[in-house]
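The structure appears right after this line, and notes come after that.
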Amino acid sequence: MLRQFFASRFWALVRKEVNQIVRNKQLLIMLIVPPTLQLLIYGFALNPDVHHLKLGVVDYAQTADSRELVAALTENRIFDVEMVTFDESVLARQVETGKLTVGMVIPPKFSRDLAGDRPSPIQFFIDGVDANTAGIASGYIRQIVQQFNQQYLSPNMRVPISTQVIFLYNQGLTSSWFFVPGVMGLVLTLIGSIVSSITVIREKDTGTLEQLLMTPSEAWEISLSKVVPLFVLLMGDVLLALTIGRLIFNVPFRGNFLLFMVLSGLYVFVGIGVGIMLATLCQSQQQVVLTTFFINLPMVQLSGAIAPIETMPKFFQYLSIVNPLRHYIAIVRGILLKGVGLEALWLHVLALAVFAIGLLAISTNRFRNQLN
Amino acid sequence: MVRNASPTAIALQAQDAARVPLIQVRDLRKNYGALAALQGISFEVYPGEVFGLIGPDGAGKTTTFHILGGVMEASSGMVDVLGQKPRNARLNIGYLTQQFSLYLDLSIDENLRYVAGLRRVNEADLQQRREKYLALMGLEQIGGRLAGQLSGGMKQKLALCCALMPQPQILLLDEPTTGVDPVSRREFWDVLATLASEGMTIVVATPYLDEAERCHRIALMYDGQINEVGTLKQLRLNLGLQRLEVRTEDIPATEQVLMPLVEKQTADLVDVQMFGDRLDVLVKDPTQAEPEVRRAIAEQGIVCQSIQQSEVTLENVFVTRLRQQGSDPPFIPLPRRVRTDSQVMRSNGDVRSAPVAIQARQLRKTFGTFQAVKGVDLEIRYGEIYGLLGANGAGKTTTIKMLCGLLPASGGEIALAGQTKNLRSRELRKRIGYMSQKFTLYDDLSVVENLKFYCGVYEVPTGYRQQKIDWVLEICGLQGQENMLTGRLPGGWKQRVAFGASVMHEPEILFLDEPTSGVDPLARRQFWRLINNLAQQGTAVLVTTHYLEEAEQCNRMGFMVAGEVVIQGSPSQIKAAQPGQLIELRVDQTQRASSLLKTQLESWRVSIFGDRLHVVLDQPERELPKLQSVLAAAEIQLLAQRVVPFSLEDAFISVVQRTEMGTKHRVD
């Protein structure tokens, strides 16, 4: 039985593909380097938390109260005091030139106002160029000042309603835990579609496809022999991404490993399906690579890999339902972070299965029609 | 050259010394890893000279061109082009590589304009040169046509035009006529001759040795070394042999009779070489040898038609030198599985009674409005070799692709191995072998991986695979090098491996589309012995080739012109159907005489064969004296003239050109 398999046409085709892939250093590099770099870059660089904002202080009061206020701001490492000056215009210029994010002016009568139970106005300049950061900074300032007020007024008074928020799954709210699963999906989509489209189109490019068609090989054998080695290699990429996520970003793995691999396999088929389909639409390697980027970018943007789907306009939120990457990312986050199984993910799994089967069927069929 | 220098050679050298060479090469070496591609070659090329580089596949010709063209650095040695390093002289070099270096989706004019822009040719010069060169190539009427729609010969002419755009001083042409049909080939060389007469210096490599005879000087390369350099005359003198052209009823049998005489070395015979319908017997003394040959042939009861004494051709020189080097590739028949089915015809059977393997009736193909194939009828039986011959773009490849099911026909009927329906079925494909025009091996796999792959997809039984692979390696002379990447093999060797790969599964029907394109003369002879052997075992072979002399080995053939088979029959039928008589002229200025005679006669009647002219005349007694006086008036000396039988190449040239002028002939 096994002997028969190794003497078969299909095995000859698979071996040929494997030999070609092993010879193709570029392809192997492409399978290892870009996924690693992308994971590292996105994991480290994509961090919406705001820390260490540069704060400039003009403290005309110079009292214990005013120093306490500054301390309250810098306590959580949200603000770092970059400069202390007595010249408001210098402060303003520093904010203007972007050397400071926030400038704070404490008036001379600060302590006197507080002692006299009058509200004391404090002035903040915030660099609004980066709207996101500015918004977050002003939010923090409001919160900190409010807390300062409460504590100052009645250190021992009970607050009528207190919130006790508990963050589930990601207690430390480490943002890389959110990004790494998204980037894993992104990497698989990108690499899977490019690599598979290239291996298919190369045969067309060099004219060997015609010779292949004159051999007794069936079209399904030719297509499948291209899919199988790619599948194995891309599953290697899944493991690579998982390892980087575990070791470097300490992303937890709370779910079932087998389930994760099976569903990742399903998604790898989606990537290969996209790649083969593009290869049947294009005439040359150059064309196919460019087209792959054109397809991949919107797919990634609409997947929730980087920006949460909830922040998108309604139309795009609906559109993202037909994006297989969205479902895969939901699955990865579910298994890795929540440790849930099929009972919670079945809708995503179903969607993914439909996409995988559909894309692979359409693309191999198109490829076969080209062959015939 | 020094090794074989004769007095005349030395005299000519002295003459050369008076001129300053444009290209000087001294002890040039090039290594690719452990492989020494060039092992110290030296030569020089003088202004206005056409310098030919000939040698077997893998001799180092392309490497030499790469270095001369400044696209590759030598490992050691001196190269001087126009007094500088090739890289710096690039602007003055026009370089035509083996592949067409054109933009196929641009028109002829756009291609020229692009090159002109790249080389900063100003508008006025562009227009003037465009007109001049397109007219010279005969392309002036179709400037708007896309390069991709041109035939192979036209593409090469356009590529030459592009190379000429910046008016280089030197042209480097690496096998420009490989895959180009005999008519277009001659036109291309007429252009080269015109350019050379205007002072262009040309270095050219070609696998067609009749073309190489038109070079001023020729270098014979072998294994990274130049063994001999000289004019055709010098090379002949160096060989020191004469040639007997022997024509008999049965050429292969005659070869069998004469070969032992060569091996015994007692007789005067040095070598016997088969050229289609004749044997060239190389002898030291023709007057002594001729009776010997006649006697030997008569003893075997073979009817001798004619024996003519003549000077050796360049191909004679080349083949003899290669055989002296011991580089004759071996002939080993394909090792076969024991067949149980008796459907396939065996040798010695009459081909005419064998079943039909390939049949086509009124086969048509149209691409848009273009009729590529117009009603072709074919019938090829098992054990038969059928040659489909024709100019580039005549529709041969399209016909083959339809017959083997790669391209749907627009009309007509096809029967393949008795099947009329489902030509793409797996069972049918197992019985078919196909070698397409393009190299069809995977360049990024090693030779042995390629062979294993084809064994696997054709499901050669595992027990036989190693034997088959060894066979291919042996006929290609690649034992011990089987792990080399296929992409690194020279073109001619790739062809040999591809041929081996396409017959390992012992096909019953074999399609070969220009299998010998770019393959050296000795390897081509080996190819044809293998093809003959396959046919004897019952394989039906459909083959296309631009080497007409090897096409003599086909049982039957058809000439295709513009999508139609215009004449069909056995080689002798086709030759017999030619009108008029063929006269071979030897003159002192072949090129000039050819141009002159073409003004006197219809152009298809005059063609250059090496250093000779072939002229077709209807009434030689009346016309010949007139031509003689025309030549005399132009001060062209007529050295010899004789009546020769039509070769297939003569027939091809006249059929193709006459058909293109509107006449049609049919045999059968």
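In case you wondered, yes, glycine gets a Cβ from its N, Cα and C as well.
What you see is a predicted model, and the numbers here were worked out from it, not measured in a lab.
Database features, via TrEMBL:
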DOMAIN    A:134-370  domain 'ABC transmembrane type-2'
TRANSMEM  A:27-45  transmembrane segment
TRANSMEM  A:177-201  transmembrane segment
TRANSMEM  A:222-245  transmembrane segment
TRANSMEM  A:257-281  transmembrane segment
TRANSMEM  A:288-309  transmembrane segment
TRANSMEM  A:345-362  transmembrane segment
Contact check, the transmembrane segment (A:27-45) vs the transmembrane segment (A:257-281), 3+ Cβ pairs under 8 Å, seq sep 6+: no
Surrounding residues of the transmembrane segment (A:177-201) on its own chain - C-beta under 8 Å, 6+ positions past either end: 17, 20-21, 27, 30-31, 34-35, 38-39, 42-43, 46, 170, 226-227, 230, 233-234, 237-238, 241-242, 244-245, 249, 251-252, 264, 267-268, 270-272, 274-276, 278-280, 282, 284-285, 288-289, 292, 295-296, 299-300, 303-306, 325, 328-329, 332-333, 336-337, 367
Among the ranges A:222-245, A:288-309, A:345-362, the one whose Cβ pairs under 8 Å to the transmembrane segment (A:257-281) are most numerous: A:345-362
Long-range neighbours of the transmembrane segment (A:222-245), counting only residues six or more past its ends (CB under 8 A): 10, 13-14, 16-18, 21, 31-32, 35-36, 39-40, 43, 180-181, 183-184, 187-188, 191-192, 195-196, 199-200, 212, 251, 253, 260-261, 264-265, 268-269, 271-272, 276, 336, 360, 364, 367-368, 371
